[in-house]
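Trainee: Got these off TrEMBL a minute ago, pasting:
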- 33-57: transmembrane segment (TRANSMEM)
- 87-312: domain 'Peptidase S11 D-alanyl-D-alanine carboxypeptidase A N-terminal' (DOMAIN)
- 122: active site, proton acceptor (ACT_SITE)
- 174: active site (ACT_SITE)
- 282: substrate binding site (BINDING)
C-alpha cells in the first residue's frame, strides 16, 4: 500500500509527538501519558487501514476535549525524582527504598537475591504468634529454649510470661529465647515454622523460606528471603498495632509471672535515638547474613521503608540511602 504525502506527514507528526510525550513522562512522572499514546496509536492504525486518518484523529481529539477531567487525568505521581546525584555506593548486596503511601520504588539493587534475613525473621514470628495467642495469654519457657545459640533475654526455664511481653522482648531486644518459647508453648516447633511459611505465602513472599523462628542461618542457606519479600513483611508488620508499637519502643522490661525475675532489653535499632522520624522496625545479624536492617521513617507527608541485606555496615548504608532519597525526590507541596 502506498501512503500519500499528506499521510506521510501525519505519520511523522505523530512519531514526533510520541517522542515528546515519552520524554515528558520520564521527566515528570505523568503516567496517564501512556494512555494518550495508546489512543493515538490506535487511531493511527485505524486511519491507515481505512484511508481516513485525519477524520479518525479529529474524532479522538474532539472526544478527549469533552471527556471529564476525572476520566483523563494528567496528575503527577509523587514522589518525583528531581535531583541529579547518583545513588550512594553501599556495602549491602541487596537493598531497596520504598515509599509506602504511593507504592513507588525509589531505589533498588538486586531485590530478588535470596539472602539470609537473620533476625528480621522475628517479624514473621511475631505475626504468627499474634494469631496463636491472645496478648495476655501465659507462655511457659521450655528448657531447650534457654540454650538457644542466639541473643537472649536469659529467660528462666519453666517460668511463665505473658505472650505480649515475650513478643516485645523478641522484637525490641531480638531475644531468641523469647522467639523459641512463643514457637513451642502452644504448638510444636515444626508446626510453628509451617505456619510461618503459610503466612509468607499469604503475604505474597514468593522467594522466602523459613526454617526456624529465630533467624538462624540454617544449613546450606535454606533459611532465606529477599528485599522484595521483606518489604511485604514490613508492610504487614507495620499494619499490626502490637508489632508497630513494639518496634518503635526503645526499652522494655519483661517480668516473670511465677518469680521476681525481670530483664530489660534495649532496642537494637539505634536510629530510634539518632534520627527523628524513625518508626522501627527490625535489625538482624548472623555470620551468613552479614548485617540486615528493615528501617522505617516518616513525617507528615512521607513514609519510607529502607531495606539492606548482606551489608557490612547497615546503619551507614541506610543513613546514606535515606539522605540521598530526601535530597533527590520531591513530594507534593514541597
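Glycine is no exception: its Cβ is also placed from the backbone N, Cα and C atoms.
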Trainee: List the Cα distance (Å, whole number) between residue 174 (active site) and residue 282 (substrate binding site).
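Mentor: Just about 8 Å between their Cα atoms.
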Trainee: Let me know the DSSP-derived helix, strand or coil state of residue 122 (active site, proton acceptor), please.
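Mentor: In the DSSP reduction, residue 122 (active site, proton acceptor) maps to helix.
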Trainee: When DSSP states are folded down to helix, strand and coil, where does the residue listed as 'active site' land?
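Mentor: Its secondary structure by DSSP: coil.
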Trainee: Whole-number Å only: compute the distance from the Cα of the residue listed as 'substrate binding site' to the Cα of the residue listed as 'active site, proton acceptor'.
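Mentor: Given the Cα positions, the residue listed as 'substrate binding site' is 8 Å from the residue listed as 'active site, proton acceptor'.
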Trainee: What's the most sparsely packed of the recorded positions 122, 282, counting other C-beta atoms within 10 A?
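Mentor: Fewest other Cβ atoms within 10 Å, among the recorded positions 122, 282, is found for 122.
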Trainee: For residue 282 (substrate binding site), what is the secondary structure by DSSP, using just helix, strand and coil?
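Mentor: The three-state answer is strand.
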Trainee: Quick one: give me the count of other CB atoms within 10 A of the CB of the residue listed as 'active site'.
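Mentor: The residue listed as 'active site': 27 neighbouring Cβ atoms within 10 Å.
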Trainee: Restricting attention to the domain 'Peptidase S11 D-alanyl-D-alanine carboxypeptidase A N-terminal' (87-312), give the mean pLDDT.
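Mentor: Here the predicted model's pLDDT, averaged over the domain 'Peptidase S11 D-alanyl-D-alanine carboxypeptidase A N-terminal' (87-312), is 97.
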